[in-house]
Each structure stands twice: as structure tokens, then as C-alpha cells.
Amino acid sequence: MDNHNDDTTPIVPIHYNLEMGSLDGRAVIEFEDESLVSPAAASISTNKHSFHEITHISAATSAKSFKQHMRNSVIDSIKIVIFSAKINILMPLGPLAILVDKMSGSHGWVFFLSLLGIIPLAERLGYATEQLACFTGPIVGGLLNATFGNITELIISIYALKSGMIRVVQQSLLGSILSNMLLVLGCAFFSGGIVFYEKEQVFDKATASVDSGLLLMAVMGLLFPAVLHSTHTELHFGKSELALSRFSSCIMLVAYASYLAYQLKRQKNQYIPVDGGETPTEEGSDEEEAPEISMWESIIWLSILTAWVSFLSEYLVNAIEGASASLKIPVAFISVILLPIVGNAAEHAGAVMFAMKDKLDISLGVAIGSSTQIAMFGIPFCVVAGWVMGRPMDLNFQLFETATLFISVLVVAFMVQDGTSNYLKGLMLVLCYLIVAASFFVHIDPSSIADKPPKPSH
């Protein structure tokens, strides 16, 4: 009993002092009491306090680090996208065109400045698409490159269509096809032939033949409405031509969708139409560079650049008529030659660069692939869009334009049929483009864009 009392007597005054002592004393006594009852309790309590303090400090540090990382990421992204390319020195010309339009209204200067201002935007659109393609894989990446590679031309066409400038839409899309087939492909063949002058460069002629066949199909779609109109053999004058165009456009869209499915099936041994970023072979994929910006940064930049191109295209389209009068340049020449050269600036540079690296399949994907997309998707899409907007956009591009396209497609088809290229073939294609450009400079378009927008058709 004595031993039991001796063991318990120290505990009683401790509890007494715990209740009667001061606040500071109670904290000390409570700690001592718990230590006597359970020696591990002090360690657990200390660890809890330490854990909460470390968590609080860690959270504050993480939040600060995250904000700093985001700030650095935005700055780095702006440096890479805006300040890394020398061609971006032309970017300020876009806002300058808007300023000139608001202050002086000089259509010639507005057209010239906005034309130059769109060039770096088109190039950066191609760059952002290539970066996004690094995260989506080769199949989706190829489709993204093909789509955004021609987004500038499509945006300009939609604005012109809304303004009732149907001939500008037709001629700019036609000019985009001619520019890609003759100028871009010609420069690629010529540059590659000069660098590798001791040998003939080779490419997949089977795939090039498929694209040539699709271009001939597009010529067929444009040829019949033009002949129907010129021979005055329409069943219902003014209506049969439009109905045929809309029907043919739907057929061409189905054909293009089938072409995409065919591409995806034969992805392994086939080039995909790209804007200078897709590699068709294992050798090319080994040399593929790592992305410079993240996926979400690519998406955000694509949205910003597309919106800016759309905004600037409105000023460009509205200044076409005034620029034609002040600069004494035919509207047909502006639409067929000048506008497509701007829209195809990124593709042009990419095709030449890859040809000089002996990657001719990619160059053909850029040049003929883009022509195929405009012919089989861009033109029919605008016809259907005009149908929705109540604009009588049709496939009657007039005999002069249709004949030009027909001869150009034949020339390119003969050039690529054997699957080889050299500098002479490239020079011939470029010279053909110069003949086409001179022809449109002296061509008087039978239709004027000054006509009032037509009434909506149902």
C-alpha cells in the first residue's frame, strides 16, 4: 500500500496546480503531466505543430513560386513567338494600317500596309500550328497543319464574301492554288536542284499522282458551270448554274473527306499536307525538334493570331477597290497574285527550306497538298458558306480563269509524274507563274467588284 501511495501522491498536486495555477503555469504543468502519463505525447504534439508550420510555409512558397513561374513562362513565350523571327519586324505595320485608315482614309496605303502586316501573322500561325502538332501526334498534327496553313486565305475570302465581293473570293482562291502549284513548288524544285545539282531529287510519285488527280477533279467542278454559262445552255437561266455549283461543291467536299481518310490509312509511307512541319519518314522523325512552347501556349497563340488576322483582313478587303483605283492595278491582279503571295508566305519559306534539306516529300506536301485543300475544300466551303449567307457564290470562275487553272494543273501533273525533280523543272514552273501573273495584269475582269451586293437567294 505504501508503495502505491508513494506512486500516486505526486499526481494529485499536479492536477491541483493545473486548475489553480496561472495560464503559463498550466501550460507547463499540463505538459509535465502528459509527459508523466505518456512520454510519447510530447513528441506527437511537437510534430503536429511543426507539420502545420511546414505545410503553411510550403504552401506560401509554392504559390509564390507558381506565380513567378507563370510570369516567366509568359515572358518566355512572348520572346519566342514575337521576337524570335526577323520577319516579325513587319508586325507594327498592321496597327499602322488601321491608324492610316482612321486618319487619312488612303486606300492605297491601307492596302499596302495591311498586306505587309499580315505576312508575319501568317508565318507565326504556321509556327504555332507546328508547335501544337508536336503534342497531338502525326495524324492530327498533319490535319492541323493543313487546316491552319490556309486559314489566312479562308478568312480573307469569308470577309470578301460578306461584303458581296464574289469575284475577289473566286480569284483569291484561284490565285492561292496557282501560287502553291507553280511558284511555291517551282521555287522548292529550283532551290533543291541548285543545292543537290549533282543528282536528281526523288519523291513519292504515287502520292503526288493522287493529288494531281484531285486537282483535275476540281478543274472539272469549275469547268462545267463556266461552259454552261458561256454556251447559254442552262435549263433555267441564272439558276441551273448556281444549283449545279452547290451540288458539285457538296460532292467535292465528300471527295476531300475521302481523301483525308485515305491519307490516314496510308500514313506510314505517305506525306501529309503540312505547313512545313510534318516529317513523312523515320529519318525525318529522328531529326524532329522538341517543342519550344507548351500545348496550351500554342492554342492561345493560335487564337490570338487568328483573331488578329481576321481583324486586319477586314481593312485589307475594304481597301482593295480603292487601292486598285489609286495604284492603277487591276483588281484581278491584286486578287490572283498579290493576296495569295501574302497568304502563302509561310508555306513558301517552308517548302524551300525542306527542299534544300533533300526532304522533297514534305515540300510537295506543302505545295500540292495546300493546293488540293484549297481546290477541294476551300472553294466548295465558300460556295456552301455563300449559300448560308444568301450570296450566290458559284463555281463559274469565268473561262479565262478556269482555262488558266486547267493548263497549270496539267503542267504540274506532267512535272511530278516521274517522281523526280531538278532545278530545270523548278525554273520552268516559276516561269509559267510569271506568264500567269502577266496575263492577269492585262486581263479585264467582266464582272466588277463595285457592283452592289446581290439580294439574298433562297
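Counting starts with 1 at the first residue shown.
Cβ atoms here come from the backbone N, Cα and C positions, even for glycine.
Whatever TrEMBL says is automated annotation, not expert-curated.
As recorded in TrEMBL, the features of this protein are as follows:
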type	residues	note
TRANSMEM	80-100	transmembrane segment
TRANSMEM	106-127	transmembrane segment
DOMAIN	109-264	domain 'Sodium/calcium exchanger membrane region'
TRANSMEM	139-161	transmembrane segment
TRANSMEM	173-197	transmembrane segment
TRANSMEM	209-228	transmembrane segment
TRANSMEM	243-262	transmembrane segment
DOMAIN	298-440	domain 'Sodium/calcium exchanger membrane region'
TRANSMEM	299-317	transmembrane segment
TRANSMEM	329-354	transmembrane segment
TRANSMEM	366-389	transmembrane segment
TRANSMEM	395-416	transmembrane segment
TRANSMEM	423-444	transmembrane segment
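Sequence-remote contacts of a segment are chain residues at least 6 beyond its ends whose Cβ falls under 8 Å from one of its Cβ atoms, and for the transmembrane segment (80-100) they are 106, 109-110, 113-114, 116-121, 123-124, 127-128, 292-293, 301, 308, 312, 315-316. Among 173-197, 243-262, 299-317, 173-197 has the largest number of CB pairs under 8 A with the transmembrane segment (395-416). Here the listed stretches are 106-127, 173-197, 366-389, 423-444, and the one with the most C-beta pairs under 8 angstroms to the transmembrane segment (243-262) is 366-389.
Counted with DSSP, the domain 'Sodium/calcium exchanger membrane region' (298-440) comes out as 120 helix, 2 strand, 21 coil.
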